[in-house]
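K.L.:
Input: one structure, supplied below.
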Amino acid sequence: MFEYDPVLYSRILTAITLSFHIIFATVGVGAPLMIAIAEWMGIKRNDPHYTLLARRWARGFVVVVAVGVVTGTAIGLQLSLLWPNFMQAAGHTIGLPLFMEVFAFFFEAIFLGIYLYTWDRFKSKMKHFLLVIPVVIGATASAFFITTVNGFMNTPYGFDLVDGVLTNVSPLQAMFNPATPTKVSHVIITCYLTTAFILAAIAAFKLMRGSNHIYHKKALHMTMVTGAVFAIATAAIGDLSGKFLHEYQPEKLAAAEWHFETTSEAPLVLGGVLTEDNEVNYALEIPYALSILAGGTTGEEVIGLNEFPEEELPPLFVHYLFDIMVFIGMYLLLVSVAFVLMNWHNRFNPIKRFNGFSNKMLWAIAAGGPIAMLGTQSGWFFAEIGRQPWIINGVMTVSEAATSSQHVDIMLVLFSILYAILGVTSFIVLRRMFKHYPVEHELVERGIEREGA
Ligand code: HEB
Ligand code: HEB
């Protein structure tokens with residue numbers, strides 16, 4: 001019934017590993033910034049609630065980093081085990097950013113250690129705050145370096161192809177390939193956005209569960225204001241990513257929009273169903289919008305799928321992945337901007353300042369956390385499946401790159417068990433950590449509030 005196919009199993013194992021890694025990596029990149037903002041506000045407003053936010057988030061962050069390191073190491077292993085021909089062909093081209101990611105990680109880890117052990121050890125709070133800056137830089141640099149590798153896979157640069165071999169390699173040119181600017185900024189900003197929403201969701205959840213504590217309200221405000229800023233930035237950079245695809249990977253953009261004929265004034269297609277002869281049914285069309293996304297004007301000519309040989313086209317279901325991501329982007333933008341606007345006129349009113357939200361709003365924010373993570377996942381799935389059949393665009397296909405080992409099925413089972421254990425354990429650890437030491441206790445214990453206050 002099931003034919004053993006090492007390529008298929010390698011793809012499944014890589015997809016599972018990356019999807020699992022990306023959950024922790026995304027929060028790992030975003031959390032340091034949120035911690036830094038909270039600690040900064042604690043100092044500036046002389047408000048211990050914000051300082052406690054930074055402390056508690058930092059504790060959770062450590063668990064996230066630990067899992068990120070394990071799953072990241074699994075990726076490193078699997079790159080050589082499952083895709084030996086890819087690593088042999090391109091290893092020396094992308095070795096620089098791969099190494100730099102490890103370096104960025106060590107940089108981050110060293111300062112994170114110092115940061116965690118020096119709360120209350122400095123006379124000036126500012127000195128402790130300064131220690132979080134290298135953590136922010138290290139985490140973001142990780143995302144930067146590793147995303148340039150992914151950029152290279154999409155728009156390979158910095159080598160000559162002689163008889164199928166990559167020669168005359170320039171690692172810097174490979175790193176700063178045409179995909180790097182939009183990809184790196186889209187990834188980093190969506191890491192910040194997703195983390196802001198996950199932290200906001202936790203605060204909203206606490207408030208829905210009956211807590212009325214100002215601590216959670218302040219958390220909600222801070223995360224929603226930053227969330228709104230990053231949601232706007234995400235939309236702006238997402239637009240640039242669309243323009244990048246138009247120029248360098250037109251087949252991916254056309255697949256995302258089921259755009260078959262090359263035309264100007266091309267519409268954006270939302271949802272719908274594709275028939276056997278490539279007719280689009282039941283879709284919502286926004287006139288001219290694809291031309292505007294691609295080139296900024298309604299007259300922009302957008303290349304259609306019919307221009308490409310059929311065996312070089314990605315699977316057309318990527319359309320739904322793109323739709324889900326864009327829809328989620330709109331949802332997060334709407335919720336966070338609505339929240340900020342609704343609270344704007346209360347900003348100088350000390351009583352109403354932190355009370356301007358309804359239960360419906362709390363629901364919408366609580367849902368926004370998991371939804372944002374889903375957006376990150378669908379974004380990656382879209383970008384990766386949209387590059388098929390290539391592993392290095394136009395140079396090497398995924399099946400050429402794969403191992404022919406007969407044991408990938410066993411690896412798949414073993415790694416799945418590892419991820420299940422890691423996922424469950426980290427969930428339990430995080431839950432216990434915060435449940436057994438609730439905010440209310442910690443506030444009293446640190447002398448920030450009195451019992452019953
Ligand atoms: Fe990652 C970690 C690899 C993707 C972010 N990573 C990690 C590790 C490794 C890796 C190996 C461990 C540590 C060191 O450095 O050593 N990755 C990797 C690869 C890939 C990735 C190979 C692809 C293919 N990442 C990724 C992405 C991102 C990331 C995409 C973003 C966005 N990572 C990261 C971070 C980290 C890591 C942040 C650290 C940890 C945590 O979590 O924090
Ligand atoms: Fe995104 C990807 C657009 C939203 C996440 N994006 C992507 C792409 C595009 C876009 C075009 C592809 C690129 C390439 O491939 O190179 N977006 C967009 C837009 C929007 C968005 C237009 C609306 C606003 N995203 C979004 C969100 C999120 C995301 C919201 C999350 C949360 N994406 C993402 C990711 C990815 C993407 C992660 C992968 C990476 C790259 O860049 O690629």
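For all residues, glycine too, the Cβ spot is worked out from N, Cα and C.
Annotation source TrEMBL lists transmembrane segment at 12-40, 61-82, 94-117, 129-153, 184-207, 219-238, 317-341, 362-383, 410-430.
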K.L.:
If contact means at least 3 Cβ pairs within less than 8 Å, sequence distance 6 or more, would you call the transmembrane segment (184-207) and the transmembrane segment (94-117) in contact?
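P.N.:
No, the transmembrane segment (184-207) does not contact the transmembrane segment (94-117).
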K.L.:
Check the transmembrane segment (362-383) against the transmembrane segment (12-40) for contact, please; criterion is three or more CB pairs under 8 Å, pairs 6 or more apart in sequence.
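P.N.:
They do touch: at least three Cβ pairs between the two stretches lie under 8 Å.
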K.L.:
Any chance you could find the range in 12-40, 61-82, 129-153, 219-238 with the most Cβ pairs under 8 Å to the transmembrane segment (94-117)?
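P.N.:
The listed stretch sharing the most Cβ pairs with the transmembrane segment (94-117) is 129-153.
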K.L.:
For the transmembrane segment (129-153), which stretch among 12-40, 61-82, 219-238 has the most Cβ pairs under 8 A?
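P.N.:
Going through each listed stretch, the top one turns out to be 12-40.
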